[in-house]
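Student: Here you go, one structure.
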């Protein structure tokens, strides 16, 4: 007689949940980072939409002069924004239950802090989810490393800068014109255009755009044609095909003759590493620059640095920039103080004779 023994499936509900969360067969990979990413990003997005449409004015400067940012309070898509949390709150953690009422929470700009903190946690988890999926598929981790650049930039403007300045009211408003206002005020107070890390960031972004356009145009111009002249060359590609889709030798020869031989990559892997690394490193430096300027380690100041033999100042473009900075700073928070802080710090001369 033969006995057949079946092992009972002892997998628990928790075990099935873990397998589902970490399965790479799902249409969208969730992962353990996704368990935190999904609710935080949904919260940030939902509150942003509601606040952008209907949030009441916020006392951003803490001087009882609220500024409206929502559509229902007179703004449009261009000038609307989520107004940063009030200077009266500073860096305090300000959830809804810390306010005496929801009206007070809205008046002090509570939605901004809620959105920003959930957003930063969400995008950090998205980066972790990229690493997690790469790990489970046996891929290298560089996708998450590249994504760390925009995560670092967002963290710098939404968290590190307010910490350095002592208040979430100094964070970047969540809107189009609010972003421009933040940039102008940042230039006025920190002279960011004269900071070397910002210069590296500009080189990274613009250089990355240039290299991306050059690479795309070279590849598109050196496709191996698999179709007739009457068909699109794109129809000659089949997803997953083993053959090369373009002639890298032809592209290398073209670019080497256009510039010089060693300006062109002859290794596809090192080429694509360069295309990824250039803008990523540039944005890393920009985020680092924002984080240092948050604590007032500002850009270079060459104000009145060129003088003639008689000691008279010979104005340079640096002096023009400094004059523009003062003008922008005067316009910033004009109701909170009458003069730029660096001018107001100078003791006024006596007028009593």
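Glycine too: its Cβ is placed from the backbone N, Cα and C atoms.
Computed from a predicted structure; not experimentally measured.
Annotations for this protein, taken from Swiss-Prot, read as follows:
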- 2: N-acetylthreonine (MOD_RES)
- 29-46: transmembrane segment (TRANSMEM)
- 118-133: transmembrane segment (TRANSMEM)
- 142-156: transmembrane segment (TRANSMEM)
- 161: site 'Tyrosine radical intermediate' (SITE)
- 190: site 'Stabilizes free radical intermediate' (SITE)
- 197-218: transmembrane segment (TRANSMEM)
- 198: chlorophyll a PD1 binding site (BINDING)
- 215, 264, 265: quinone binding site (BINDING)
- 215, 272: Fe cation binding site (BINDING)
- 274-288: transmembrane segment (TRANSMEM)
Student: Whole-number Å distance between the CA of residue 264 (quinone binding site) and the CA of residue 161 (site 'Tyrosine radical intermediate')?
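Tutor: Counting only the Cα atoms, the answer is 40 Å.
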Student: Determine, using Cα-Cα distances only, which of these recorded positions is closest to residue 265 (quinone binding site): 161, 190, 198, 272.
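Tutor: Nearest candidate: 272.
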Student: Among 29-46, 142-156, 197-218, point out the range having the most Cβ pairs under 8 angstroms from the transmembrane segment (118-133).
Tutor: 29-46
Student: Could you measure between residue 190 (site 'Stabilizes free radical intermediate') and residue 198 (chlorophyll a PD1 binding site) for me? Cα positions, answer in whole angstrom.
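Tutor: One finds 11 Å between the Cα atoms of these residues.
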Student: How long is the line from the C-alpha of residue 272 (Fe cation binding site) to the C-alpha of residue 161 (site 'Tyrosine radical intermediate'), rounded to the nearest angstrom?
Tutor: 33
Student: Go through the chain and flag residues at least 6 beyond the ends of the transmembrane segment (197-218) whose CB is under 8 A from any CB in it; none is fine as an answer.
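Tutor: Contacts of the transmembrane segment (197-218) (Cβ under 8 Å, skipping residues fewer than 6 from its ends): 251, 254-255, 271, 274-275, 278-283, 285-286, 288-289, 292, 299.
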Student: Tally every other Cβ atom lying within 10 Å of the Cβ atom of residue 272 (Fe cation binding site).
Tutor: 12
Student: Are there any residues at least 6 positions away along the chain from residue 198 (chlorophyll a PD1 binding site) with a Cβ closer than 8 Å to its Cβ? List them or say none.
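Tutor: Counting only residues 6 or more apart in sequence, the Cβ neighbours of residue 198 (chlorophyll a PD1 binding site) under 8 Å are 192, 286, 289, 299.
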Student: Based on Cβ atoms within 10 Å, give me the single least packed residue among the recorded positions 161, 265.
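Tutor: Lowest Cβ count within 10 Å among the recorded positions (161, 265) is 265.
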Student: If you count Cβ atoms within 10 Å of the Cβ of residue 264 (quinone binding site), leaving out that atom itself, what do you get?
Tutor: 18
Student: Any idea which of the recorded positions 190, 215 has the thinnest Cβ neighbourhood at 10 Å?
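Tutor: Least crowded of the recorded positions 190, 215, by Cβ count within 10 Å, is 215.
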Student: Can you see whether DSSP assigns residue 272 (Fe cation binding site) to helix, strand or coil?
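Tutor: Residue 272 (Fe cation binding site) sits in a helix per DSSP.
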Student: Around the quinone site formed by 215, 264, 265, which additional residues qualify by having Cβ within 8 Å of the site's Cβ center?
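Tutor: After dropping the recorded site residues, what remains is 214, 218, 251, 252, 255, 271.
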Student: When DSSP is mapped onto helix/strand/coil, what comes out for residue 265 (quinone binding site)?
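Tutor: It is coil.
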